[in-house]
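Now, the feature entries from TrEMBL:
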TRANSMEM  B:27-55  transmembrane segment
TRANSMEM  B:75-96  transmembrane segment
TRANSMEM  B:103-126  transmembrane segment
TRANSMEM  B:156-178  transmembrane segment
TRANSMEM  B:185-209  transmembrane segment
TRANSMEM  B:215-243  transmembrane segment
């Protein structure tokens, strides 16, 4: 990152282990102010652990971590600027949504009651039903409302829309964008459902097995891979020397995905060889990059 | 690597404010701390009145109810309240950016305030029961066990100490779990049992059991509850240090 | 949105199309960055990048505190630029495909003439 903007989060060599299992393996990370980040990866890749480290919920076992200039854990000046909406957020058994929403303003100095009220309406959240009896979607709505209305300078949403239907998810995306536009802040969105949110993200961090595979602007990632399909021989000669990240084939036909975009000349060359070029969506790219059989394929290529 | 993250501009809330909001967070749904315990007391009272009238109808004397444990009925539930305060509200509060230390201090302040309030309420109820000649029905609900036997401030102090102990033992045990999971709670249990057995062994080897019994016979109500209060305060102070590295389950 | 290309380029191209096709006349105001973002459900910074690209190309200009407007002459400029790219992007692939199918240049121009006159 050569950007001049000051980072809100800066981590180097950040490590978290559980016994012999290394959940986070010495990652370097930098989040800049007022951008929307996507923390992407498969389930169990380490997304939640990273968020828990960054919000001081758990303690790192190695490396350096600074959030707003210092370690987050136990520093109230840092924590009062953070809102973390956990995927499996626990609420006291006796709580109803109204209790959560009445308490939240005490802890978030930028809380917007107006926005909260509108969102309660739009999500049709039953304020007086015990939290234990809410559906998964309603539970997610509680988190989404707190996360958006908190307007915290650094807001984390961990898989925020589990159980939300299409209408509610659209509401979430729309409200996130409009409120972010009016009140810029740093937002970190973790998800394994990439297609829906990919357009909201300015920067993408792809995590796999506790490491970072991609840390780039979304626009650079989009179109950073290409799929070429055609007869096996033509495809293989075309991709020779390229960084192949996935291959498929049936009979004499092959379809190979490789890193890198093609310029006009190369595209013409591909067409002249009778090859088909297809775009690779962010989701497809990530499936290729984090697929289980990836390493085996890479060996074949190299 | 130089670290030049965005500096903190606005000032953080004062400690008093931070503690006040932890108390308010606990009390957001006040039924747990206030509603349900007093509902339990109410039910116990109704049952006591019913028992007293049955005894009276059968022509017996109700003074035997002076050994009733009904007055302690809410305490079992309040252990669970102490457990819940850490088990559920702590992970929730962390998500709201509360520090572990502020959470523990705020929770301790709440426990102390509730203990004072409950102690005052029970002290008054004991006196009311005496003044009304056991609610005009011969019902012994509050003027039982050690209550009402000494001056009113004995009742106040003993209830306060017991209440503190009940809250903090639940909260401290749960904090051990939050820090070291099941192993932590088990180890603490093992250590306590070992201490008791060790003390018993030492007394036995010294052949001092008779002396111990004589010594225990000199215990007074305030003395016993002073020990209970010390135990509560040990849990409170210990919990403060244990929770500082505690992490909720993910 | 097309998944394969940077969104900011697609935003810029959409505005360019609107200008070329007359939906955004010269000197008319275009939507704000945030309006683009909200409408397309994309990140405002991405929309901003698309808008900035148009500003750099001289297609639109900013009036401080008021908004962004289509530059006079923007349409001619865009049409000129698209024309130079036309051969690359459309004619050459057409010829490649025609060659693959054994369509001669004469047949091809006949087809273009027929297609052009049919409604």
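Each Cβ is built from the backbone N, Cα and C atoms, and glycine gets one as well.
The largest share of C-beta pairs under 8 angstroms with the transmembrane segment (B:156-178) comes from B:215-243, of the ranges B:27-55, B:103-126, B:215-243. Here the transmembrane segment (B:75-96) has Cβ contacts under 8 Å with residues 22, 25-26, 32-33, 36-37, 40, 103, 107, 110-111, 162-163, 166-171, 173-175, 177-178, 243, 246, 248-249 of the same chain, all six or more residues outside its ends. Here the listed stretches are B:27-55, B:185-209, B:215-243, and the one with the most C-beta pairs under 8 angstroms to the transmembrane segment (B:103-126) is B:215-243.
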